[in-house]
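Enquirer: Once you've had a glance at the structure underneath, I'll fire off some questions.
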Amino acid sequence: MFYLKLRRQLSHPVLAQLQSQLPQSVSVRFIHLGDGDPEPQSEGGIPPYVPSLQPPAYVVRKAGFDLLKDPWCNKGSAFPKSERDRLGLRGLLPPRSLTLDLQAARFMEDYYHPRHLIPPEDVKSGGVTSEMARRWKVLQELQDRNETLFYRVLFEHFTEMAPIVYTPTVGWVCVNYHKLYRRPRGMYFSAEDRGDMAAMMYNWPQPDVQAIVVTDGSRILGLGDLGINGLGIPIGKLDLYCAAAGFSPSKVLPVVIDVGTNNESLRADRHYAGLRIPRITGPEYFEILDEFVTAAMARWPNAVLQFEDFSIEHAGPLLRRYRKHHLVFNDDIQGTAATALAGLYGALRVLNLPASALKEQRIVCVGAGSAGMGVVRMIAAGMQKQGLSFEQAASRFWVLDYNGLITVARSSMTEYVRPFACRDPSHEGESLLSVIKRIKPTILLGLAGAGRLFTEEILTAMNEGCPQQRPLIFPMSNPTSRMECTAEEAMRCTGGRAIYASGSPQPPVELPDGRTVAVSQANNMYIFPGVALGGFLGQTRIITDAMLMAAAEELPKLVPKEDLEKGLVYPRLAAIRDISASIATAVALAAGEEGRLRGRMRDKFAQGPDAMRSFISKSMFYPDYKALVHLPRGIEE
C-alpha cells in the first residue's frame, strides 16, 4: 500500500485518472493535506488513520425489485444478508451471497466461452442443440426488456417456441442455471428463512398472484437433484400458463425451496448460490414446506399452487397433505396421469374403438415413481368408469422398476405401488423383455427417466405380441436424453404400426416404403394450464379427481378427424388457447356438478357450458399494448 500526499484538492474524476495510470499491482490511497497540515505519523507501529475520499456507503431511495432493476445500485447475488434484510431483498435472490470477484469470473467465462455453444457429445446425450440454447437466450433477453412483446411472440409461435421455453431446452437451462443467472425471476425460500417466510412474501410486489409453481429441485425432469437450479422449471411452466391459458404474466410466481442438495458437484461449484448442505429430510423438511404453504396461501388465498418435480418420497405425501385444504395439484402425478389417459383415449379413437375398450387393454408400465404410479392409478380409475372393479383394473397392469417386475414378493414398496404388484411371486424381478413376451401387452408406457430402455428387441417383441391391434408405445420421460425410445426406433421396429406419443417432441418418421408417419407429443402442457385456469376462475378451493378425469376425457375429443386418420392422439399445439379453454370449461363443469363453484363461474354454470366457455375465454390475458397512466406514489396503491 502506497500513500500519495496531495496539497491540492482534486476532483474524483482526476483521482480516478491518476489511479488508472498506475500499474494494477500498485495499491494507492490518496491523502489530501491542507496547507500547514502535518503528515500522518504511525504510532507504536500502528498505521496512521487516513480518511478515505470515497464515501463508505451510498444512500438509495429504492428497495426490492426497484433496486434490483437499477444498474448502478444493483449487486445481483452479491448483496450481503444484512442489506437483503434492510432493502427488502430477502427471497428475491439466491440464498448464498456471492462476491464481485466471482461475478466477474463468471462473466469472463461466458465472455470467452459462450454457454449456448453446446459440445457435440452433450447434444447427442441431451437432445438440446447450440441453436436451441441460443434461441432461449434471445427469448430471455426479450423478456427482460419487453414482456408484452415476449408473450405476443410466444403466443403467435407457440408450437415452435414451446420446446425452447420448456422441455427439452429447459433441462439444459436447469443444469446450467447457476451460470446463466442474470436477474431475479421468481422467489427463493430456504431452510435459513424459517420463521420469516410470511414476511418475505411481501417482498414480492404483486398483491394479486393467481398462480404459483414451486419446486424443491430434487427431481428435475429426468436429470435428478439440481438444487435451486430447478427454478428454471417453474419459470418455464408459468410461461406456458401465460401463453397457453391466458394467465397474466404479472400475476404468476415461480418459487424454489432450498433445503440443500445431494448433488456434490453443485455443492463444490463456486458459482452455485444455493445452500451447500445435504438435503434436509424427515419432519424438519415438512416443517419448512408447511411454513411456505401457509405463508403463500395467507397472502394469496385464491391462487393455484402447483407442485413440480419433487422426489418420490415427498411428492405424494405433500399432495395428500395439502390438496384437501388449498387449490393445489401436482403436475408430475396428476397432470402426467391425465395426459396419459387422454392419449390412450385418443389412441382408441385412432383404432376406431370406443372408450369402453380401455378396460380390455394389457398395460406394462416401466417406472414406479410418483409420475409412473400417478399414471397407473389414473388409467385404473378410467377402467373403473368403464365398468371394472378396482381389483379387476389393477390386474391389467404390470409395473417394473430398476429391479424388474414388481410382485407381492417384493420386500419393500410404497403403498401406492402395492395394489398394482403382480400377484404371482414367482415372477419377481422378471425382465422387461420377458414380461412383454409372456404378457403380450397392448400398451407400453415409459416413465422411468432412465434413457433408452425400449431396445430394438423389446420394441420388436411388443409388435409381435399385438397381431390384432396396433401397439401403443408411450415413452413419456423427459427430457429427450431420458426418453425410453425415439419415434424413429419405434416405427422401424414395428414396421410403422405403432401408435406413438412421447414426452418430448419428435419429428415425423419416414418409413422405407416412402410413407411419412406423424407422431404425437404426450406433453402435460395440454392439461395443466386448463386445469389451473378452471380451478382458479371457478374458485373451487380444491382440485378433485373428478375435475382431472374431466380434463382427460375432454382432450381426445379435440383431435380432428383428419389428424386421427394420421395416427395423432393429441390435438395440435397451434390451437393451445382453444384447447386450454375447453379443458378449463370441462374442469369447471365437473366442479359445478360437485357443487364447488363460487363467484361468477357459479352463475355461468347455471346458464350452461356455452356461457362458461365464453366467460373463460374472455378472462384470458392477451398480450397487447395498453394506454399507460401515471399516478403519484400512494394513489390507488
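Using the three backbone atoms N, Cα and C, a Cβ is placed for every residue, glycine included.
Here's the feature list from TrEMBL:
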- 143-323: domain 'Malic enzyme N-terminal' (DOMAIN)
- TYR166: active site, proton donor (ACT_SITE)
- ARG219, ASN478, ASN523: (S)-malate binding site (BINDING)
- LYS237: active site, proton acceptor (ACT_SITE)
- GLU308, ASP309, ASP332: divalent metal cation binding site (BINDING)
- 333-592: domain 'Malic enzyme NAD-binding' (DOMAIN)
Enquirer: What subset of the recorded positions ARG219, LYS237, ASN478 lies within 10 angstroms of ASP309 (divalent metal cation binding site) at the C-alpha level?
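Expert: Those close enough are ARG219.
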Enquirer: Express the distance between the Cα positions of ASN523 ((S)-malate binding site) and LYS237 (active site, proton acceptor) as a whole number of Å.
Expert: 12
Enquirer: Across all the protein chains here, work out how many other Cβ atoms are within 10 Å of the Cβ of ARG219 ((S)-malate binding site).
Expert: 25
Enquirer: Checking your reading of the structure: which of the recorded positions TYR166, LYS237, GLU308 lie inside a 10 Å Cα sphere centred on ARG219 ((S)-malate binding site)?
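Expert: Cα within 10 Å of ARG219 ((S)-malate binding site): GLU308.
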Enquirer: Should any of the recorded positions TYR166, GLU308, ASP332, ASN478 have a Cα within 10 Å of the Cα of the residue listed as 'active site, proton acceptor', which are they?
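Expert: Near the residue listed as 'active site, proton acceptor' by Cα: TYR166, GLU308.
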Enquirer: For ASP332 (divalent metal cation binding site) and TYR166 (active site, proton donor), what Cα-Cα distance in Å is obtained after rounding to a whole number?
Expert: 15
Enquirer: Take the Cβ of ASN523 ((S)-malate binding site) and count every other Cβ within 10 Å, whichever protein chain it belongs to.
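Expert: Other Cβ atoms within 10 Å of ASN523 ((S)-malate binding site): 26.
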Enquirer: Taking the mean position of the Cβ atoms of GLU308, ASP309, ASP332 as the divalent metal cation site, which residues outside that list, in the same chain, have a Cβ no more than 8 Å away, listed in sequence order?
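Expert: Once GLU308, ASP309, ASP332 are set aside, the remaining close residues are THR215, ARG219, ILE220, ILE233, PHE307, PHE310, ALA315, ASN330, ASP331.
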Enquirer: What number of additional C-beta atoms lies within 10 angstroms of the C-beta atom of ASP309 (divalent metal cation binding site)?
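Expert: ASP309 (divalent metal cation binding site) is surrounded by 26 other Cβ atoms within 10 Å.
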Enquirer: So how many other Cβ atoms are close to ASP332 (divalent metal cation binding site), meaning within 10 Å of its Cβ?
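Expert: Other Cβ atoms within 10 Å of ASP332 (divalent metal cation binding site): 27.
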Enquirer: Mean pLDDT for the domain 'Malic enzyme NAD-binding' (333-592), rounded to an integer?
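Expert: Per the prediction, mean pLDDT sits at 95 for the domain 'Malic enzyme NAD-binding' (333-592).
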Enquirer: Please list, in sequence order, the residues in the chain of GLU308 (divalent metal cation binding site) that are at least six apart in sequence and whose C-beta is under 8 Å away from its C-beta.
Expert: VAL213, VAL214, THR215, ILE233, PRO234, LYS237, ASN330, ASP331, ASP332
